[in-house]
Structures are given as structure tokens and as C-alpha cells.
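First comes the structure, then the notes that go with it.
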Amino acid sequence: MNNFCKNCGTKLEGNEQHCPECGTPLNGVPEETLKYYENEEKRAKTSKWFKNSALFLIGAIIFLFVLAWAMSMSYR
Ligand SMILES: [Zn+2]
């Protein structure tokens, strides 16, 4: 089986796991797909972080409102 590296065009025997010239993975998942999933994972983590911080912010605002209300009650 004659094959060529999609990245650099080096001729391959067909049983390499990575291109001997540039290291591009030859079997299984292409590097670009791996990068895509890596980015998706990062995006998911970021959106999770956003959700958590948004919940924290809402909690903090409610806490401040309750605190302000309690203080206004005690000053009366
Ligand atoms: Zn290559």
C-alpha cells in the first residue's frame, strides 16, 4: 500500500503511526479533528465557567439586596 503524507507529501509504507518527516498522525483521527475536539472541550469548559460565575454573580446580587433590605429595616 503506497501512501503519501497529507501534510508534507512524504512517501509512506502504510504501516507508520506517524509521518517520519513531520509527525502527522496517519492512522485514526487526523490532527485537525483532534484540534477541533480540543477546542470544543475548551469551549465547553469556558461556557461552564461562565455559567458558574453567572450563578455566583446572581447569588451575590441577591445577597446584597437582602443585606441592604435588612440594614434599611434595622435603621428604621
Ligand atoms: Zn509528513
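The backbone N, Cα and C atoms fix where each Cβ goes, glycine too.
Here the structure is a predicted model, which means the values were calculated and not measured.
The domain 'Zinc-ribbon' annotation in TrEMBL covers 4-26. Annotation source TrEMBL lists transmembrane segment at 52-71.
Among residues of the same chain six or more beyond the transmembrane segment (52-71), none has a C-beta under 8 A of the stretch's C-beta atoms.
Secondary structure of the domain 'Zinc-ribbon' (4-26) per DSSP (helix as H, G, I; strand as E, B; remaining residues coil): 0 helix, 5 strand, 18 coil.
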